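Enquirer: One structure coming up, written as structure tokens, with questions to follow.
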Amino acid sequence: MTCSALLATLIVFSVMGFCVTNEAQAMRQSVEFHEPTKKSHTMRPRLKRGWIWTQFFIREEEPPPQNIGQLKSNSDKGDLSIKYVLSGEGAGEVFHIDEHTGEISTLRKLDREEKAFYVLRGQALDRRSNQPVEPESEFIIHVQDTNDNMPQFINEPYVSSIPEMCPIGTTVVQVTATDADDPLYGNNAKLIYSIQQGEPYFSVEPKTGIIVTSWPNMDREAQERYLVIVQVKDMMGLSGGYSATTTVTISLSDVNDNGPTFQHNLFTFAVAESAPVGTTVGRIMADDADVGINARMNYSLEEADGSDTFQIRTDPVTQEGVILLVKPLDYESKRRFVMAAEAFNDHVDTRFLSYNEFRDRTTLKIFIEDVDEPPVFTTGEYEWKIQENMAAGMTVGIVSARDSDAANNPVRYYIDKGTDMKSEFRIDPDNGTIMIAKSLDREASAWHNLTVTAKEKKKDLFSSALVFIKVLDVNDNAPQLSREYRPYICEGVQSGELVQVISAVDQDDPPEGHHFYFSMVPEKRINPNFTLRDNQVPSCHVIDNTASVLTRRSSFTRQDRTQYLLPVVITDSGSPALTSTATLTISVCSCRPAGHCPTGGVEAFALSMGLSVRTLIGILVSLLTLTVLAILMLAVWKHRKQRQKKEPGREKGTERWDYVSEKVLRYSETGIEDEVFQQFILDRLTDADNDPCAPPFDCLHTYAFEGTGSPTGSLSSLGSCASEPNFDRPLDPGQRLMRLAPWTGGGEDQTTF
């Protein structure tokens, strides 16, 4: 038998020996095995295998020192020549070995949940030479479990909900606990669940922890919530084990098993006879033990005397019946109204009650006198929608507040001026109806946020609520061109060429988006010069919202005309549709080879090509006449000077005449008669004699005389301060005049022919 086979055999016997020993023997073990005295084939000294061990056992939580076992070598003769050494997990910290005897003991308590086993190595050394007398061997120390951990619930807290009136055995929830002890050793970690509190309504499955109902027809209206205490014990529930508890909160959800019930057979109210229509007379309330949708109800008034004077509506928040005044009251004609009111559920469940059990009746008495209401709003926020441009006086919505006191004082409503600075809204102070005071414009403001205050008449008590009003869009803005277009065409452009692509904008905001239609003015739909093409593609359902201006003919020249006016009609897709007309001014340009129109080219060309030959001849003749006249006047002036030198003793009146004669005409036109000119000079002389502020005689006073007979009117600036020229006067087509921009240096001017 080989050494390895012998080692395996010894391990088997060691384990079997442990199984038959008691617990005390397991705590103290000494293992000695002798190597067979098998002769070696060589003469070398034989290495004796004198000891082997596999595993030891020790219970956890035992106080130290606890003797675990003993390592013993057959080389140990008891003379203390052998030294035992321990190494591995916990050596020197958890475990100690007596180097003389080989006994192993604990240094501290062991916790299986912290570490379940330790792997160590033992060695026997010659004390003098410090050489091993036995090969190093590995063994395991197992920590046996004890019931030192109590079970613990996980996933706490436990909260569950089941419908009321559910059958027995309905699963509620499962509770789960864990135990840190060894589940494979004894019953330390075997758990049992039980109910400590909650019977007879609930029970728990002992092994799984599943809680189920054990009571029929549990009523939420009788008890809505249950606290169930569940206990878990280890050791299979035997004595000496540990236990833990947890609380399970179980709620019953509502079903519609109750109908509305009036707590009073008679409700009495009072209202002032001066109360306006729409005033809240009072509120009634039918109790319904259910909640949520199962408690939702409506109210109605039976046909009776006065039922047409009042109306009842259901408050969706409080589920109260709100009694409203719908006709004016007259105390002298009728002082009291008696009628029946009925409350009934919206949703009926006939599994629990019959149809008639979901309704109840009461009697209303309304006295015509003053009554108070509290300033408690039914909700803290209101949100409404209204279309823009609605007429003043239209109702936006109604805020409602009531007096929670027994006095039931009346309430008046106010809008905080700080939230309605433009006074665009007004509120009925008696019934909280908010109305439009001014027409609203969505484009100016799409939202209005108001603060409404409710105040009791007889007490200085008030509360506030927020009101959000959204203004909805209507088609009240006509479309316009998206920008100012300056289209032009080049001389010689061909028919069908693109002049300009135009688009439009609209301040409105339709939900489907903008859709614009472009067309010519109806009475000028057939334009000989241009045509308009709407770029929408109906077959492809594409909305381009643009239009193209195209030439309708060719041979545009600046000599014929420099500008064309093209009216364009733009229509939106609103209901009703709105239309606007925009006029495009299309200029004719003498374009460069690349098709570019130079700046100023449109206006400058009007000078070179817009004047007729007859007009040019007239201008040249006038200039020549003015030049000749100026030369003649200069000769006359020199002649006068020479006469003054020859006749120094002239009279004062003659000198005055000479002075006036020197103020000669600088510019004039053709066709001047001598008599007319002489009369003009005499008139100027009279003006000078009668003018106390006349300049000294050595000053030159210049006059301009135009003559008579011009069919085109005056070209002079004389008298322009006194009167404006009459441009409405029709001119002879042959006498057209044009501003000579390049000669006079004037600015640009658009002219249409």
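Using N, Cα and C of the backbone, Cβ positions are placed for all residues, glycine too.
Here TrEMBL flags 58-153, 154-262, 263-377, 378-481, 481-600 as domain 'Cadherin'. Look at TrEMBL and you will find 1-17 tagged as signal peptide. Under the heading transmembrane segment, TrEMBL lists 616-637.
Are these features on the surface or tucked inside, and what are their neighbours?
Expert: Within the model, the domain 'Cadherin' (58-153) shows a mean pLDDT value of 86, rounded to a whole number.
Counting residue by residue with DSSP, the domain 'Cadherin' (154-262) contains 3 helix, 49 strand, 57 coil.
Assigned with DSSP, the residues of the domain 'Cadherin' (263-377) fall into helix, strand and coil as follows: 8 helix, 51 strand, 56 coil.
Residues of the domain 'Cadherin' (481-600) grouped by DSSP class, helix first, strand second and coil last, total 6 helix, 49 strand, 65 coil.
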Enquirer: Would you list the DSSP helix, strand and coil counts for the residues of the domain 'Cadherin' (58-153)?
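Expert: Here the numbers are 0 helix, 43 strand, 53 coil.
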